[in-house]
Amino acid sequence: MSVAVLGSGAFGTALAISLAGKGPVTLWSRSPEQARQMQETRENQQRLPGLPLPEALSVTDDLDQASQSDTLLLAVPMQKLRGMMSDHAAALRGRVLVACCKGIEMNSGLGPMAVMAETLPGTRTALLTGPSFAQDIARGLPTALTLACAEADLGRDLQAQLTTANLRLYRTTDTIGAELGGALKNVIAIGCGACIGAGMGDSARAALLTRGFAEMQRLAVLKGARPETLMGLSGLGDLMLTCSSDLSRNYRFGLALGRQEPFDRSTTVEGVATAHAVAQLARDNRIEMPISTTVAQLSNGDYSVAEAMRSLLNRPLKEE
Ligand SMILES: NC(=O)C1=CN([C@@H]2O[C@H](COP(=O)(O)OP(=O)(O)OC[C@H]3O[C@@H](n4cnc5c(N)ncnc54)[C@H](O)[C@@H]3O)[C@@H](O)[C@H]2O)C=CC1
Ligand SMILES: O=C(CO)COP(=O)(O)O
């Protein structure tokens with residue numbers, strides 16, 4: 001089975017580098033200029049500078065060529081997934097599609113599995129998610145991720161196909177739990193970054209992370225996830241990583257909010273759009289998601305971090 005990665009950002013490039021250790025891999029860039037540059041310099045200078053592309057990795061801007069592969073990894077930001085798939089529906093049809101994005105679509109409240117099902121009905125799909133920074137994967141550091149696929153046999157095949165020497169995949173059929181874990185942790189990471197950036201301390205971060213995890217479980221279980229999935233790599237594992245590392249863009253965006261510093265808005269920060277989607281889902285489903293809702297308001301600039309924390313601390317007292 002052959003594999004191609006569509007989307008030549010940090011994550012797509014890192015996955016392609018790792019997979020190239022096992023055999024030929026095609027990486028598709030929508031930008032002819034970037035594809036040419038990467039082919040020539042053997043490096044993704046924009047997203048992963050200094051990390052060489054192995055010989056077995058070829059970069060192209062020709063989607064028809066890339067989509068000859070049996071398995072296509074879709075490594076674009078969540079809010080771009082539907083548009084990218086619609087633009088290239090004919091080329092993607094009949095392939096196995098593995099979404100590699102973490103988020104909830106803002107207008108629909110849907111995750112990547114449902115967006116793929118709506119855009120290309122009948123397509124066989126899966127999700128790759130879990131704690132991993134692109135830089136770590138590209139450097140060949142040990143990483144463990146979750147491969148979620150509702151079809152157990154396909155999940156097993158993909159697990160074998162996409163596991164590499166340094167990237168160990170665990171599988172689950174709980175696609176809802178896996179995608180919500182990956183989406184919701186980004187929102188909490190923004191909150192944790194803001195808390196540290198504003199000098200509120202590690203104890204406050206531990207409280208936000210833990211109560212944020214309670215929110216993640218509440219929404220995920222309501223949507224049909226298995227609670228144990230949230231305890232795994234794609235939930236708690238990724239939450240811990242993203243809430244504690246400066247390598248995370250979501251966390252760094254939060255830090256900038258807390259420090260009242262500017263932040264480059266062209267950076268992919270999935271948690272912002274997802275926070276708004278979560279706030280809407282909380283209203284629609286009449287559940288309490290106070291930290292996620294506060295992060296949505298914070299990222300809009302409606303609140304200062306101090307006001308946000310005050311409003312969270314002043315909520316009615318309750319059982320844990
Ligand atoms: N960077 C990381 O460490 C990790 C990222 N992810 C997830 O991977 C997804 C992608 O993130 P990154 O690669 O880091 O972002 P990035 O900002 O580095 O790259 C995004 C890529 O998507 C491409 N793109 C955007 N719209 C497109 C469209 N309509 N058609 C084709 N290509 C399009 C851009 O040109 C860019 O190459 C996100 O959902 C993120 O949460 C998951 C795990 C780790
Ligand atoms: O998803 C990630 C780590 O698992 C990457 O986090 P950021 O998108 O915050 O950089």
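Placement of Cβ uses the backbone N, Cα and C atoms for every residue, glycine included.
The record from TrEMBL ties Phe11, Arg30, Lys102, Arg249, Glu270 to NADPH, and of the options Ala66, Ala134, Ala214, Ala306 it ties Ala134 to that site too.
Of the residues Lys22, Lys185, Lys318, TrEMBL places Lys185 in the same sn-glycerol 3-phosphate site as Lys102, Gly130, Ser132, Asp238, Ser248, Arg249, Asn250.
Cβ contacts within 10 Å of Asn250 (sn-glycerol 3-phosphate binding site), excluding its own Cβ and spanning all protein chains shown: 28. Helix, strand and coil content of the domain 'Glycerol-3-phosphate dehydrogenase NAD-dependent N-terminal' (3-152), in residues and according to DSSP, is 52 helix, 38 strand, 60 coil. Between the farthest pair of Cα atoms in the sn-glycerol 3-phosphate binding residues (Lys102, Gly130, Ser132, Lys185, Asp238, Ser248, Arg249, Asn250), the distance is 15 Å.
With respect to Cβ neighbours within 10 Å, the binding-site residues Arg30, Lys102, Lys185, Arg249 differ, and Arg30 shows the lowest count. The 6 Å Cβ screen around ligand 1 retains Arg30 from the binding-site residues Arg30, Lys185, Ser248, Arg249, ordered by sequence position.
Counting in whole angstrom, Arg249 (NADPH binding site) lies 12 from Lys185 (sn-glycerol 3-phosphate binding site) by their C-alpha atoms. The Cβ neighbour count for Ser248 (sn-glycerol 3-phosphate binding site), using a 10 Å radius over every protein chain in view, is 24.
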